[in-house]
Amino acid sequence: MNKRNFKPADAAELYQVPNWSSGWFRVSDQGQLEVTPAPGLHAPLRAIVDEIVDRGESLPVILRFPQVVAGRVRHLNEAFRKAIGEYGYSGHYQGVFPIKVNQRRAVVESVAAAGYEYMHGLEAGSKAELALCLAQKLHPDALLCCNGFKDDGFIKLALWGRSLGKNVVITIEKFSELDRILRQAKVLGVRPAIGVRFKLHARGSGQWEESGGDAAKFGLNAYELLRVVERLREENMLDTLVMLHTHIGSQITDIRRVKVAVREATQTYAGLIAAGAQMKYLNVGGGLGVDYDGSKTTFYASMNYTIDEYAADIVYTVQEVCKARAVPEPVILSESGRALTAHHAVLVMPVVDVTGPTRDIEEVPPPTEESHQIVRDLADILENITARNYREMYNDAAGDKQTLHNLFDLGYVTLDDRARGEALFHAILRKIAKLVQNEKYVPDELEDLQQVLADKYICNFSLFQSLPDNWAIGALFPIVPLDRLDEYPARQATLVDITCDSDGKIEKFIDLRDVKATLPVHEVGKEPYYLGAFLVGAYQDVLGSAHNLFGKVSEAHVFVRPGGKFTIDLFVRGQKARRMIESMGYEEPMLRDSIEDQVDAARRAGTLTPAQEYELLEDYGEELLGYTYLEYEDAGMEDIPAPEQGSDMAPADAPKVAADKAPKAGQKDFIER
Ligand SMILES: *Cc1c(COP(=O)(O)O)cnc(C)c1O
């Protein structure tokens, strides 16, 4: 990679865009990150964000691309069609989308619309989800699978769904649900369609390995499975048992686990037929992975197979077992959620400030006669660092700094000495940073040093709201600057969010092998600098939480048109402060009354003039109705101290933000939250 003659292709490689994007995003020849939802369609993300800012909207924002959801749905279905055609499989594929992955209207409606021609259905895991699913427009033969623990209300809704002509299947997750279903079916006079979830002994791989195996939370064992058959036979209802369901966990990283599980599932399916059930559907559950780090390995953030291989291996395995057992080939279902939705959403985070050990441009006063020995030692180190010894010198300096602080605690080092010592240590880091920067290859053992030297890029977002899996389970998401990808990113950074929680930071980034501690980024100037977090469309929206009362992020639904053009079809404003406060049990009038009472008292006490009183109430009201994230008039980056080492890059050539930020009057496609 050439620093001086850095090309967009180099950026694509550095950020591994082709590896993780599966073709839905690319780096353009102009150094822009582009979405590419279909052949010939492309739009630069930076231009979309600029349009949003021009409309007077605040960031952060989630960009949603319904075309990408549709593309994923088609890809999955076509992959199965192809495999079924190639193997001469006599059944068909008919997936369901588990809406827990993302219940957002735009997502569910995109899946339903694109899936219509494939009879793609939905899966609900709770009463609320089922209520939502029942109201969707699906192909009449599309399946609506009801999983999760069920009470009578849940079962009734599912049965009424059948009366509405929908292909609803109620999955028995634990044995006692069978009686509930039979009872409600009699009460309502509706014949159910029943599925059984089987606890495979096969397990998944990766983070959700525990979802499978004998100790799994859901499912029946072999004995219970046969009791279901007996019970239904007694009731003369064995024909209602139509589906076998299995699920070995999400994000299966290793295709061999899929094959092993599908083999066991198909044997079980054949066993049920042998026991007299007239089965029709074999549901292999979720687990189809997303290659977040692009490494194509069994690493937890990756997967060692493609969608096409997944489909082919399932169809092949089911067919093989069915042939051997001489049973009819079932309709195959998967409940793929993550793989359908992860790619469609991008979180855009503006960088609002930069700090870092090599940026503090303190004066470094030379030690005096009175300075403590430890300070003079640090001065010596600074003097003597070279390209050959900096590793060793760094270790010495780090040890001296520790000693400096210990001595300070004991009263042997003065505040003045401490200040000199710390300034020297930072100067040492700056000098080392310069030497490291000149190295062609940074050896692995220097990575920890790179982490120490890294900048902190402060980004206007909440990790807990927008990337909760990064915090909770260390999930990795590719993060890439939206533009300037024709410039060498000369800085290394970790990211911090704006919550007051020290966990609100990102210090692990995707890498071809394992993870990286820092992200290559550009120096930021006065122009806005935006980072995109990609593949965030699965699970993040709904798992996100309101830490510090940072609320839901604004969303733009973007449609890409020919010729590099796009339209923002819908903009949903992020939650207002008032909504967040009210969600905690307060009411707006209560807040306003309290402030007004205090204002009255302050006026009487003479600490507020009438003019100030008016302004105070105005400002308070404005914030209640405002976005919960930082809203800078400017980019908020006037004071970022330049790093010590001269960067030789060209200044940012980002498009100007329009001065007139007022929202356009009569804009219909805006929704308030
Ligand atoms: C969560 C879940 C899914 C979705 O899994 P993905 O890995 O996101 O495809 C499917 N089925 C069941 C039963 C689930 O619990």
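Just so it is clear, glycine is given a Cβ too, placed from its N, Cα and C backbone atoms.
According to TrEMBL, the N6-(pyridoxal phosphate)lysine annotation covers Lys100. Residues or ranges marked as substrate binding site by TrEMBL: Leu282, Asn283, Val284, Gly285, Gly286, Gly287, Leu288, Gly289, Val290, Asp291, Tyr292. Feature annotation from TrEMBL assigns domain 'Arginine decarboxylase helical bundle' to 369-450. For 658-673, the entry in TrEMBL reads compositional bias 'Basic and acidic residues'.
Features as recorded by TrEMBL, highlighted on the structure.
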| residue | record | contacts (Cβ under 8 Å, 6+ apart) |
| --- | --- | --- |
| Lys100 | N6-(pyridoxal phosphate)lysine | Gly125, Ser126, Glu129, Gly337, Val542 |
| Leu282 | substrate binding site | Met243, Leu244, Ala265, Thr266, Tyr269, Val318, Pro330, Val331, Ile332, Leu333 |
| Val284 | substrate binding site | Thr246, His247, Val258, Ala261, Val262, Ala265, Ile314, Ile332, Leu333, Ser334, Glu335 |
| Gly286 | substrate binding site | Pro98, His247, Gly249, Ser250, Ser334, Glu335, Ser336, Gly337, Arg338 |
| Leu288 | substrate binding site | Leu76, Ile252, Ile307, Tyr310, Ser334, Ser336, Arg338, Ala339 |
| Val290 | substrate binding site | Gln251, Met303, Arg338, Ala339, Ala342, His343, Leu535, Ala538 |
| Tyr292 | substrate binding site | Trp20, Ala301, Ser302, Ala342, Ala475, Leu476, Phe477, Pro478, Ile510, Leu535 |
Listed binding-site residues adjacent to ligand 1, that is, members of Leu282, Val284, Val290, Tyr292 whose C-beta is under 6 A away: none
Lys100 (N6-(pyridoxal phosphate)lysine) in three-state DSSP notation: helix
Secondary structure tally of the domain 'Arginine decarboxylase helical bundle' (369-450) (DSSP, helix then strand then coil): 64 helix, 0 strand, 18 coil
Assigned element (helix, strand, coil) containing Leu288 (substrate binding site), judged by DSSP: coil
Local confidence of the prediction over the domain 'Arginine decarboxylase helical bundle' (369-450), expressed as mean pLDDT: 88
